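J.: The GTP binding site annotation in Swiss-Prot covers GLN12, GLU77, SER146, GLY150, THR151, THR186, ASN213, ASN235 and rests on similarity to another entry. Residues or ranges marked as Mg(2+) binding site in Swiss-Prot (evidence: similarity to another entry): GLU77. Swiss-Prot lists TYR457 with the feature site 'Involved in polymerization'.
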Amino acid sequence: MGREIISIHIGQAGVQVGNSCWELYCLEHGIERDGSIPADRKQSSDVNNLNKDLGTFFSESTNGKKVVPRAIFLDLEPTVIDEIRTGDYKNLFHPEQLITGKEDAANNYARGHYTVGKELIDVCVDRIRRLADQCDGLQGFLVFHSVGGGTGSGFGSLLLQKLALDYGGKKSKLDFCVYPSPQVSTSVVEPYNSVLSTHSLLEHTDVSFMLDNEAIYNICKNSLDIEKPTYTNLNRLIAQVISSLTSSLRFPGQLNLDINDIQTNLVPFPRLHFVLCSYAPVISREKAHHETITVDNITSAVFSEKNIMAKCQPNLGKYMACCLMYRGDIVPKEAQKAVQNIRSEKSRNVSFVDWSPTGFKCGINNQAPVSTKDSEMAEVKKSVCMLSNTTAISQVFSRINHKFDLMFVKRAFVHWYVGEGMEEGEFAEARDDLLALEKDYESVSASTEGEEQEEEY
C-alpha cells in the first residue's frame, strides 16, 4: 500500500524553497543529482533500509535505473524555473513537471488568479492528475508558495480551489506559505495579496505552516553568524524544517507520525489551522565543535521566540496544540523528560488552553539530520522541529489586516485588480473573513483567561 505525497511548488518563493528541499532529500536518501542511486549503495542493507519508504516522495523510472520526484514546479514566467532547467539538478526532474508561462503576475493576485493564471491552470491540473494516477494510495499534497506575490497568492489560490474540487476532503492539503515580513516589503500591494490569499487558504487547506522571511533572516544572522543572509541561506533552513516534518513519511522510526496524525493533533477547529514552526539546533559549523547538544536544550530552544520562523510573540498567546518531531539519536524516555521539564517551568510562559491540558504530541524518527556540503549549518546527531498551534498567530493576521485597511480605505491600487476581472466586493469579503478569524482566536484566548481568573478566587 503506497502512502505517496505530491509536492507542488508555485511562484518564485515556492520554486526556490522546492530547490532546497529536493537537494536535501537527495542527500538524505543517497540519490545522485540525476536521480540515480549508485550500484554500490543499492547493495548496502543500510541504504535499502533507508530507502524502504522512498516511494512516498519519489517514483521509479520504467527502466528502474533512476528515481523521479513526485513534484511539480509552476510559475507564470520562466526565469526561476529556467534556473532548474539549466542547474545541477536538471536531470532529476521530468521536463513535463516544470511548467512555465510567458508573462508574470506582476505582484497582482488578480493576474495570477483570473487572467494570466487561467491560461496555465488546465495544464497544471492535468499534470497533477497524471502524477496522482501513478500513486497506489495518495496521502495528500504539500503546496509551497508565498502569499505576498501575484503568482503565489493568486495562482496558488486558484490551484487549491481546483484540488478541492478534484480531490475533495479525501486527500490532505498541507500548505507552506511565506507571509510578508513586518519590516521588509517586496511590493506595496503585499497586504492585498495576503488577505485575498489567506481567505482562500481558510477554505481550501487542512493545515497551513506559516513562515516569514524576516524571522528566518534573523535566525540565520544570529544563530549561523551570517552577516547578510541570502535567499539560499533562508531556503536551506526552511528545507531542514520541511525535511524534519516529512522524515517520518520517508524513513522508519520508533514513533513515526504520518500526515493524518499531524493534522489530527494540530487542528482543534477547522478554521484555526495556521501553524508556527521552529527548529533547533541552528548552529554554525564553527560553534558546533564547542557545544554539547542535549534533548533538553534543543527542546527548550524551540519554545524560544527567537527560533520561531514567523514574527510573533507566543508568550502573549495560549497554545492549543503542539507537535514535537525529534530526529536522530533519541530515545522516547529523553523526549518525555524534556517535555515534562517544559511543563514544570512556569517561568517559560508556555501556557495551554484549559480544554487541551496534555497538548503535546511527540514523534521520533531515527534518521539523523544531514546538511548540504556548502551549507553553513553544522551536521548534528539530533534535532527537533516544533509545530505549534497558538492563539498568538493572530498577531500576524492583525498586522496584515491593519496594512490592508490603510490602503483599502482610500481604494489605493484597487483599479489594477478590477482591471484584471476581479470584483471590488472580493476585497471586502476577504477582509471580513480575516476579521472573523481574528475574533475566533480572541474567543479561544478569552474563554481560557476568563476561567483562569475564576479559579483564582
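Just so you know, the numbers here start at 1 and follow the chain as drawn.
Heads up, the Cβ atoms here are built off N, Cα and C, so glycines get one too.
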J.: What same-chain residues, at least 6 away in sequence, bring their CB to under 8 Å of the CB of ASN213 (GTP binding site)?
T.: VAL178, SER181, VAL184, LEU234
J.: Which Cβ among the binding-site residues (GLN12, SER146, THR151, THR186) has the fewest C-beta neighbours inside 10 Å?
T.: THR186
J.: How many other Cβ atoms are found within 10 Å of the Cβ atom of ASN235 (GTP binding site), counting all protein chains shown?
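T.: Looking across every protein chain shown, the total is 22.
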J.: Does anything in the same chain, at least 6 positions from GLY150 (GTP binding site), have a Cβ under 8 Å from its Cβ, and if so what?
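T.: Result: GLY11, LEU76, ASP104, ALA105, ALA106, ASN107, ASN108, TYR109, ARG111, GLY112, ASN193.
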J.: Measure the Cβ-based neighbour count of GLU77 (GTP binding site), defined as the other Cβ atoms within 10 Å of its Cβ.
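T.: Around the Cβ of GLU77 (GTP binding site), 18 other Cβ atoms lie within 10 Å.
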